[in-house]
Amino acid sequence: MPKYRSSTTTQGPNMSGARALWRATGMSSDDFNKPIIAVVNSFTEFVPGHIHLRELGQLVSQYIISSGGVSKEFNTIAIDDGIAMGHSGMLYSLPSRDLIADSVEFMINAHCVDAMVCISNCDKITPGMLMAALRLNIPCVFVSGGPMESGKIVISDKEIKLNLVDAITCGVNPDSSDDMINEIEKSACPTCGSCSGMFTANSMNCLMEAIGLSLPGNGTILATHIDRKKLFVQAGKLIVKITQEYYKNNNEKFLPRNVATKEAFCNAMALDIAMGGSTNTVLHLLAAAREGCVDFTMLDVDLLSRKIPNLCKLSPNTTFYHIEDFHRAGGVFGVLDELNKVNLLYKQTFNILGLNLEEMLSKYSILTGNDKNIIKMFYAAPSGQKTIKPFSQSCRWNSLDIDRKLGCIRDYNSAFSLDGGIAVLYGNLAKDGCIVKTAGVHEKNLIFRGKAVVYESQDEAVHAILNNKIVKGNVIIIRYEGPKGGPGMQEMLYPTSYLKSMKLDQDCALITDGRFSGGTSGLSIGHISPEAANQGIIALVRTGDFIDINIPNRKIHLDITDNELLLRIKNEKDRGIDAYTPSHRKRIVTSALKLYSKFVTSADKGAVRNIR
């Protein structure tokens, strides 16, 4: 039977000094016989998805204490990708994921903590904490801050839903008046919470339900809704229960690595493909799997993408449905239910409640569940009021969306496509693979041939788009923006949003060794591996080359002869120490980013650090 990890600092005469310090934090003699449970919060006033988390950490702590544990809270950093977007701040976003994982490890191991509750929400925080949970493998419950309500604006007597991407797109649309820009800017992000579409944050928080480390509703109950309070209360109680199961009863069932198995990762990826989620989830699942010693690779993503149907189109792939509508249609378990009906899931995975997938579906499917208290959760609706207060409203939908033919969630026979919302492409331009969110690609662009226009930074590409240097049929290449080459693998939301504002998004492609925001749509292909800085072929593309993209056949090809390719490789290597670096880019790279670039791998490995 394992001893409390915390006994290292709370038991024995040699730990008198440590106990003295624990007492100075408010602990009593009785507390030294209880589990010490960390509340790993990510509250910050910089991020709307985290602005409301300060009091939520205290709420979880209250229920840990009342359930028999000792609660100790600490914070991680949290970067807002939307605010960091479009300038050098985006270089820090992806590296912050690994920094968060490290900081959690440092705090947990330095203080010999027994278990933890992770309060996350936005893009890199959930995956960073997941990496830490699988690395540490101590009892853990995840609970996120919840999604933002969608923005609303009335134009020509018609209410239109908005999100962050609308504000970005409108801001550079030459047809937008100053008044329109101001109105959309004020309306796009009305409440606390993670941005209202199926962007990276909400995708990851939904995937945590499928992996099994969070509670039902984690990814979809609005941050403002009173129903979300129950998740934090339950998390505080549950973590004490599963902690005691491990330390008192020697039950390892609920340890993160026993919950987040390869089958659970496959179910999570299937969910992401079916709901047309962010491509960043591929990066994060690969990284988390590595931390948990789970054999989940790009090959698994590729195989799943060929058989999992695309059952949802949510913002940014449509203007009609946001997370609040997805929740009304049954949320995560609504999609999993449809996949399960056609035997596309591993059914014996289980979650921190101790229930396997089929048991969860029987309780949480709005089509078959008969527990009125559970089904009531899915009636949780937006209030339409601007606020940064959690649990501040209790609005309900009059009915649920159970239309599986034309509704927010489709059944298999009504799917938008039968081969999924995310695809892995291979070819001479991406020997180790690349990712495209097919849910955001217009049908006419599934097969595309265009002429390359090459840029060696996101800034250079943005300048070209806004100054009318891009024409229909172009394939914009943005290289040396990968994990090593950036460094930091910037998101490319601005280039894709600007293409949209210039009405070129249906007539151009964008290819990069960087990545895309969950808010990206259009023919946007990222995660090119190997990246340019790792001697990837993308480094050899020249303006005027033709690029062939064939999504149905999962191919991406630079159309030059083998002899020409070999000549370009030779010419690049002849540059000596400057080979496979940008030829003219000026960028300040700090020591922190240089250290990251020394160890980071390409995207097909999850952009994790290679330190083994």
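If you go along the chain as it appears here, the first residue is 1 and each next one adds 1.
Cβ coordinates come from backbone N, Cα and C, glycine included.
Of the residues Glu481, Glu491, Glu531, Glu564, Swiss-Prot puts just one in the Mg(2+) site with Asp81, Asp123, Lys124: Glu491.
Sorting the binding-site residues Cys122, Cys195 by the number of other Cβ atoms within 10 Å puts Cys195 first. In sequence order, Ile79, Ala84, Met90, Ser93, Leu94, Cys122, Thr200, Ala201, Asn280, Ser517 are the residues of the same chain, not among Asp81, Asp123, Lys124, Glu491, whose CB sits within 8 A of the CB centroid for the Mg(2+) site. Cα of Cys122 ([2Fe-2S] cluster binding site) to Cα of Ser517 (active site, proton acceptor): a distance of 12 Å. For Lys124 (Mg(2+) binding site), the count of additional Cβ atoms within 10 Å of its Cβ stands at 29 [all protein chains shown]. For Ser517 (active site, proton acceptor), the nearest neighbour among the listed binding-site residues (Asp81, Asp123, Lys124, Cys195, Glu491), judged by C-alpha distance, is Glu491.
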